[in-house]
């Protein structure tokens, strides 16, 4: 059906809508520049509340596969695609993207001039958008901006879930984690307890964990301002690693501030420089907010990694504690696995702590 | 880390003449590298004997040696120039092998020369199969079951264990030359024997075949600090089994999930780290289509054809960045020149799809074996950029400039379905079109997949093309609405193709399209999928988008490039296009390049102000010309590709520089051409035009045998042939394989001395930079003959006649710019054979020898400057004191079944340029252009030479044979049985195979000589030149400017 994606600034792009409902689908329009990984993107809870535009024009070629989704549901509100393959051509393909979108009740708009759309967002910044067949029926009060709406509460686990049976016990604060994180941890020999975003320190103590991972998640970290004191306490007590939203939360908890990027980093080719080694990793990223580098001086954190393109903060470590955080996704899925060694680094910091404890 | 300051002077090795497997991509890489080094303040010295290249221009290198690519010469140059560093990774396999040989002889150590970029040890580890396999085992990366063999017996033993099919890959050869798939013991023996002979280290890798796997390539870069990035991955539509150079390739991969993609990316980075590459590297994988099992097939530790493709596909300039890494930089210290805002340490994101399609030479080599395998056969390639795969494929097909009617090939349509189904089992150059035809006949995708192994994804896209084609055919022109036309245009159908499908005229379609306001938009190739603003105006067309296009205020000129490299239209026209861009820039114009060859310098976005990566059909060119509102279009530099467009562009009202269609017709149409010659009182060879087979036979008899037949409007002598009798002619015309197109030109064949000139004219005065005298007589295509300037055997009076005829023609024909005249001289008469109203193969050569930028002169004249202001002198330039020899280079070992007998149809793929104080010296240098090509009669003092010569030839070669005997060689003549015996002997040095005119005698012997890599000579004049060079042994290596200085001192 002929339809439109309309931006908050009034720009209208035409296409064909598959799925969706009459009242339109609203969300923050963001674009993803990776050329593969549409299934992981669609199911990544960090995309909650967003309409994802794929810059690569041919999507769906290898279908929808088992063990690839990053969560149970499709998380993005809608997808915007140049051309969507009617079938999946891959030995692991179980169904087509279109079928799955239909099952998940997520609309897709195809045959869109995605490049013009991306250029618009690049120039004017991420903004609200609606996918609709009815240009006259648009009502922006239906739009829940990610800055204001508490999406983390929606996507975080409601009770503690445990994966794996390894020796090292890790608590994963769930703000909307990706399954790949659990896979990485369990493969390295961990037992992982996924805990709700507002789990108190005492619960963590009771779980008797060896380390804590703060996960990724959707939205503005400042929405969780009331929980920061917990995160600070937990991160001060255990070897800690934090990714994406988790990184922003710990920066806030230890005295830095965060701000919104104009249009965010979403893709598989963000170059990150490790200051100590001067080596560059290609990283998978998906974030609209960032730690404000001007506020680091007042915090307890130090910058370890920066983005080559815009100089923004990509990694922090605590001055004293075994605590380090990254803005990007070492679990990839989708994207390059260059920074996979960070998980080893996390395990090493846990081992070190254990040794110290034993000797003490 | 910034540049290493001690690297002040760098010696760069070029790749030499174009051969199959090593084409213009190394001119692109070399040019980028030279410019990058100069940017860093290095003095650049270049060794490359290919005169048609941009890199051998003075803007690129401070000093150029057109000298043989031998260790001996390289050592002399190093000794003389004392470079601090040497760059070998942009010279293809030729450059790398030469550096390796010199390294092994201790030359680097002796003269304290640092190899830039990847270390020699790493290169050897990547190139030597055994070392590479051992390394892969160490890092736990899978490689197929295989073994290195140096004898045929070892290969047979391996086969007994692993079974067939088996792939044979000779070590250190171009384009996999000498390799192949063996399905039986007999085949294996034959291929391995040939492969061992082809390999400079007498090694072959034989491996269990993984044919049918997906073939995936990654272009990877690494800096000295161990930062690694992948620039691009590519997927071959043809599964493993067809050489990647012969495969249709898309970028990025289409059928890989993120898991697959990252698995192979991680493996690539692991491999490049293990090898310790500094710079660029190409890594090829085979991936099981039904599991995640993969194998590493090959690693090229240098820039390659694929890296050129990846550079053009993404905008990321691999060779340029690799050169900078070679002098010490790290990736994140270098800017990404496309965006100018971001850095070189990132991985390009594409928001379009790339299709690369090979260009094969089988239009020329009708007898050639068209089957594709591990040995590359394509001479060139085209690239298309689009937003969808259907349109990308269509753009690629029309960029090839092959006789295709839309997507249909007439000769395939005539074949029965069963036969076609059988035919696609083994890939050949026509398989894509055969698949389309089978889809037209409703053969299922499953059947096609079973026969070819091509992924369903691609077959489904092929099928969609046929559905669209058939839907168009089912429509009435009157009923076509806007949406329908838009869908068809979006899928890549041209106005011409739609006119055919809808049974109307092209004009009607164009008018309808314009009424519906349907025009292409132009989008930027920006390396980042729109994420960042990019400065570089590198565009491709698509339909139905807003586009990124910006018009500029400056007056602009469009340069039409020359498309894919093919026999007859090579890199020389790219040189001309690039020179024109430079010239126009200097004059203050905005320069716009349109071309589709990913290998070339012209399609480097830094060459012109704007680059359009587009097919070169009239519709595509007109769209760009109108969109840019150009002041005019330059057609005479892109070979026949440009000239062919004259009529259509003129009709569309596009302003053109240079010849009008009427002038071109005056030169091409026999009747009008003879009229012109008669008006000017210039002798021409009697000839006429045949309208059909019967007419041609009749007219040939009237002219008298021997006759020369040639189609009009072709270059490279396509379909050109000499006939000594009516019976021969009849047989030729009636053989459908020959696809004779009428009207066809029929000339009396005059076996005289051929001469040619290039001319710069304003229509009044003219400038002739020199005269080339051909060594072989008329009848050998000018592209295949050796040629010498200044002429070495003609009287001054003849030169005066040449100048006088040339001046007359220039004055009379309404033409400005560059043109080329070919003459033949016989019995004291000088005839004009043809006039080409365009730049020619010899323009770059004259430009280099004379140090006069001929293209610049022509462009200035075309843009209206007065002759005195831009041309150095009038008439023939004073002859230099040294001789220059242009010699053809053939890729025949790549093309079994192609007869090496030189004839009217061109066969060579490249050429060399050599200099000498005497013509004998220059000949010697021409024949000994590379270590493994140096004639045995130059390096050995004894041995035997087998001679087969026609009756009329015996007397012509007698003196030369005597000279060879005096030099210690034995002359053997005898039966074909004796030949078979001789060819296997250790002391076989040379095979002289000279049949009489029109005869193709001794074809089998030539084929055997080729397979056994015995030097072959097929004309008495070539033999004479070869023998003349025999006495010459020692000389100094002089750079081009030293030759020129020596010349100045004389005058």
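Using the three backbone atoms N, Cα and C, a Cβ is placed for every residue, glycine included.
Please treat TrEMBL annotations as automatic predictions, because they have not gone through curation.
Keep in mind that this is a model prediction, so the values were computed, not measured.
Per TrEMBL, active site, nucleophile is recorded for A:244. Under 8 Å, Cβ to Cβ, and six or more positions away along its own chain, residue A:244 (active site, nucleophile) finds A:46, A:215, A:216, A:217, A:286, A:287, A:326, A:327, A:328, A:329.
The secondary structure of residue A:329 (active site), as reduced to three states from DSSP, is extended strand. Under the heading active site, TrEMBL lists A:329 (among others).
With a 10 A radius on its CB, residue A:331 (active site) counts 26 other CB atoms from all the protein chains. As annotated by TrEMBL, active site applies to A:331 (among others).
According to TrEMBL, the L-glutamine binding site annotation covers A:46, A:217, A:219, A:245, A:248, A:286, A:288, A:289. Counted within 10 Å of its Cβ, the other Cβ atoms near residue A:288 (L-glutamine binding site) come to 22, all protein chains included.
The domain 'Carbamoyl-phosphate synthase small subunit N-terminal' feature in TrEMBL is assigned to A:1-132.
Residues annotated as region 'CPSase' in TrEMBL: A:1-168. Across the region 'CPSase' (A:1-168), mean pLDDT in this model comes to 95.
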Q: Using the recorded L-glutamine site (A:46, A:217, A:219, A:245, A:248, A:286, A:288, A:289) as reference, state which further residues of the same chain have their Cβ within 8 Å of the centre of those residues' Cβ atoms, listed in sequence order.
A: A:175, A:216, A:218, A:220, A:221, A:244, A:287
Q: State the Cα to Cα distance, in Å, between residue A:331 (active site) and residue A:248 (L-glutamine binding site), rounded to an integer.
A: 17
Q: For the domain 'Carbamoyl-phosphate synthase small subunit N-terminal' (A:1-132), give the DSSP counts of helix residues, strand residues and coil residues.
A: 27 helix, 49 strand, 56 coil
(Q) I'd like to know which of these recorded positions, A:219, A:245, A:248, A:289, A:329, is least surrounded, judged by other CB atoms within 10 A. (A) A:289
Q: According to DSSP, folded down to helix, strand and coil, what is residue A:217 (L-glutamine binding site)?
A: coil
Q. Any idea of the Cα spread of the L-glutamine site, A:46, A:217, A:219, A:245, A:248, A:286, A:288, A:289, as a max distance in Å?
A. 13
**Q.** Other CB atoms within 10 A, centred on residue A:286 (L-glutamine binding site)
**A.** 30
